[in-house]
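Asker: Take a look at this one; I'll ask things after.
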Amino acid sequence: MAENTMWHETLHDQFGQYFAVDNVLYHEKTDHQDLIIFENAAFGRVMALDGVVQTTERDEFIYHEMMTHVPLLAHGHAKHVLIIGGGDGAMLREVTRHKNVETITMVEIDAGVVSFCRQYLPNHNAGSYDDPRFTLVIDDGVNFVNQTHQTFDVIISDCTDPIGPGESLFTSAFYEGCKRCLNPGGIFVAQNGVCFLQQDEALDSHRKLSHYFSDVGFYQAAIPTYYGGIMTFAWATDNDALRHLSSEIIQARFHAAGLKCRYYNSAIHAAAFALPQYLHDALSAQ
């Protein structure tokens, strides 16, 4: 791709977004997907897979803080964390900030993502790949959760959209495997797209997860990079109380963890579970 051109996202047929390409840093087709990182004056370094924006330096902190601190602080004493995907290292970066976590396992299907993100997205991983608690496994996520003998307190599915390599991470086989290796009272979370534009994705996840967990819901965050703005995250656990913890409890845990965030706080945590009526109506209609 030439520099000083426009890169157009291909996620939606009838509408979308574009980024000016100031400088292409990396572009390669791996065995699994088409990877590109380019620089944009407004959003910094932008990474896309198969024509879909995955992350930008400008706003990645919102996504990663919400996918890690919400389940970890709701759980309260997570020791073992599993990340599915997350090859850019930012999810790992946020989990490593929790000093009580003892092991962090990341399963990434594409070794190429990890290697080039270490070089081209250093602000994302911020040295977290060198944390002694971290183990990298190159494997298919569905295979791992159905075969591993390890168990986890929190599982974070940092999956791409349900197309291409990421499609298997939205299947019943994956959700069943996650339930299999989740400790009692554990929490599973996953990105579930922009619900206003991809509502079927959320409904499908809710329907499938409900077969394996007693408490299934969603929480949301405003992330400009993802077209439509309001990203939805799936939430699943067998401890019904964890979704309804008071902001005072979350604030106490947040303070004890010594965290300082740019987006996440205890009020955001509580408010994130307040969903728009159209989603409540759609879930009730299933």
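Just so you know, the numbers here start at 1 and follow the chain as drawn.
Even glycines carry a Cβ here, placed using N, Cα and C.
Pulled from Swiss-Prot, these are the listed features:
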- Asp158: active site, proton acceptor (ACT_SITE)
- Gln33, Glu108, Asp140, Gly141, Pro165: S-methyl-5'-thioadenosine binding site (BINDING)
- His64, Asp88, Asp158, Cys159, Thr160, Asp161: spermidine binding site (BINDING)
- 5-238: domain 'PABS' (DOMAIN)
Asker: For His64 (spermidine binding site) and Asp158 (active site, proton acceptor), determine the Cα separation and express it in whole Å.
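Answerer: Distance between the two Cα atoms comes out at 9 Å.
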Asker: What is the one among the binding-site residues His64, Asp140, Thr160 whose Cβ has the most other Cβ atoms less than or equal to 10 Å away?
Answerer: His64
Asker: In the predicted model, what is the mean pLDDT computed over the domain 'PABS' (5-238)?
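Answerer: Computed over the domain 'PABS' (5-238), the mean pLDDT is 94 on the 0 to 100 scale.
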Asker: Sort the recorded positions Gln33, Asp140, Gly141, Asp158 by C-alpha distance from Asp88 (spermidine binding site) and give me just the closest.
Answerer: Asp158
Asker: Tell me which residues of the chain lie with their Cβ under 8 angstroms from that of Gly141 (S-methyl-5'-thioadenosine binding site), as long as they are six or more apart in sequence?
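Answerer: Listed in sequence order, they are Ile84, Gly85, Val107, Ile109, Ser157, Cys159, Ser168, Leu169, Phe174.
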